[in-house]
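Annotation source Swiss-Prot lists Mg(2+) 2 binding site at 527, 531. Taken from Swiss-Prot, the feature Mg(2+) 1 binding site covers 527, 531, and the record attributes it to similarity to another entry. Taken from Swiss-Prot, the feature Mg(2+) 3 binding site applies to 670, 671, 678. What Swiss-Prot records for 527-531 is motif 'DDXXD motif'. Per Swiss-Prot, the feature transit peptide maps to 1-35; the stated evidence is sequence analysis.
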């Protein structure tokens, strides 16, 4: 569980509602404070700072776990602690109010303070030292015991089993606990009920994680099968210490001894934590949008993670959160791994903390990485995690605001999550005093989260300033090309720029952005011309002009609209081809012209079908429709500004299939939301054709379901091609653009035609292009 402190570095703004279908909560203002942003993504001190945070992560000290480790008796004497240094730490680190724990002053973390304080009191009583500290600790417990049964308080994992057991242990030690006997009895009854429920319904894995709450010898025997190869229970010092106290297990001792050698005076709540913490920090950097500053270190971290994955590391595979995050990061970045490794999490009962919303969310996100048509493990994980998260969201039980907003966003946009939108939302909700809560609270010690947040905000805003200038230039280009004179046409320069800026936002990708937007704008106007403004004769005239590219003056223009459209295409392609030559070292104009020609002919064919009232077969429609969807001219030209693409790559089956799957997604998504409007205009699409050829057997609802199935098929195939590296010759940066197109299309066509709507996407676009983020120190 992630928690937000009440004392924070806050992001302030004037909030606007925006949607795509229900996206909410963007901010505007400007950054306060200065952090030097490198001129290039590969320069400056920022890289060194983040590298240090990524490679040398330390967790905060855990009073709770240190107290349990301090309770372990010496091997040769039950009257002496095995680790006296831990006992000394407990005696030296009581807070002024009598409690132990992180100095958070969080009003909803009192249960955590109660748990840590009682563990420390038990330790002191166990060794009959620090009686004054004991009395102060008991006073704190007595003053705050109300929180133990307050459902609004954040509850440490297993609190209802562990805390009553510690109370029972204290009573047996002779402690005069300032508690009402009836309250103690009620907590003990609740503990026993939860223990029985855990045994009967969920197995015993979650019992092993909260082993210090067990009281029966049979329970201890049951949980021993969850002991890890390093001797611990789920890398938990407290659980392992409790197990050793009860069973004197040699492997438990070895683990505890390794802790003592690694940590001087006190222990964290998780150990080892190298993989988990590095994965967590890398995930944070990606969400903040600044991971590009440490690309080489990121690659090394992922290589290390992959090696641990292939070795079957306990630190990964016995922790569902770590497993899910590692799976998502590795598969996203092209590592060949099987989803079968997540099979143990196909049912919620197998989680050792089944109520951990953060864990369930990570499993849900991992389930979205299905790249094969038959990945039943991911399908089953998706089924239960999506249901569980929707239920918790509906009931309003996710108390942490940042986590609640992330769950809401991810559920509503499973396939439409765009990088820059997620960066902004994460920056907005990011809290520099966040702590995580498992059996006790903890945080990363050497991660300067204030610095990261300030840097991420300024990085976002600097890129945004660049976007604003580019968009101004593009809007002037629309006027200069006279495209704005065609009043029947949709003017979508801002939406087009928003789409590409959500992924290719870095300064280096200027030409790719310009190419994407110019082709998108022209294509939208041409599409409207074919549907609204032009006769078949005019359409044929435009195609002939493109066919006679260098000799177009011999053709002539059937209308002023044709002249405007042709010269927009002609001048833009010539200009882009000249720029691309400098990147590619060869002329790519013929490919760009042919791409446009193929698109224009496919749209003309559809116009002829409408005019002649032709009913095609489904195969005829699809084989033409994925081309008329129009992604070809937009994507192909942009890719020439990302990487050097040989003719072998451009003509490869891989390249063609990436385009085909992307275009199929485009066509089918559009058809699904426009079935009724297309029918009213006499146009056929993949929904109506199924009904027509179904001879009364297939309903429109069934046809929509089949189209949805087809979309998912092509989405998985596309994602597989994007992430797989073996046998691939298309550069990863280029494959990512195909995937971007898929996600932006899912966003635009989530529930209706958001691209054509003049207002539906405007606030989302403004959030990326026009509204900077403001950070204020409070």
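Cβ atoms are placed via backbone N, Cα and C, with glycine included.
What Swiss-Prot annotates, mapped onto the structure for a quick look.
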{"residue": "527", "record": "Mg(2+) 2 binding site", "CB count, 10 Å": "17"}
{"residue": "531", "record": "Mg(2+) 2 binding site", "CB count, 10 Å": "16"}
{"residue": "670", "record": "Mg(2+) 3 binding site", "CB count, 10 Å": "22"}
{"residue": "671", "record": "Mg(2+) 3 binding site", "CB count, 10 Å": "27"}
{"residue": "678", "record": "Mg(2+) 3 binding site", "CB count, 10 Å": "18"}
Across the whole of the motif 'DDXXD motif' (527-531), what does the mean pLDDT come to? Round it, please. 86
Between residue 678 (Mg(2+) 3 binding site) and residue 531 (Mg(2+) 2 binding site): CA-CA distance (Å): 11
Summary of DSSP states over the motif 'DDXXD motif' (527-531), given as helix, strand and coil counts: 5 helix, 0 strand, 0 coil
Sort residue 678 (Mg(2+) 3 binding site) into helix, strand or coil using the DSSP assignment. helix
I'm trying to understand the geometry here, so how far is the Cα atom of residue 678 (Mg(2+) 3 binding site) from the Cα atom of residue 527 (Mg(2+) 2 binding site), in Å to the nearest whole number? 14
Tell me whether residue 670 (Mg(2+) 3 binding site) sits in a helix, a strand or coil according to DSSP. helix
Which chain neighbours of the Mg(2+) 3 site, leaving out 670, 671, 678, have a Cβ atom within 8 Å of the mean position of the site's Cβ atoms? 667, 672, 673, 674, 675, 683, 685, 686, 687
Cα-Cα, whole number of Å: residue 670 (Mg(2+) 3 binding site) versus residue 527 (Mg(2+) 2 binding site)? 14
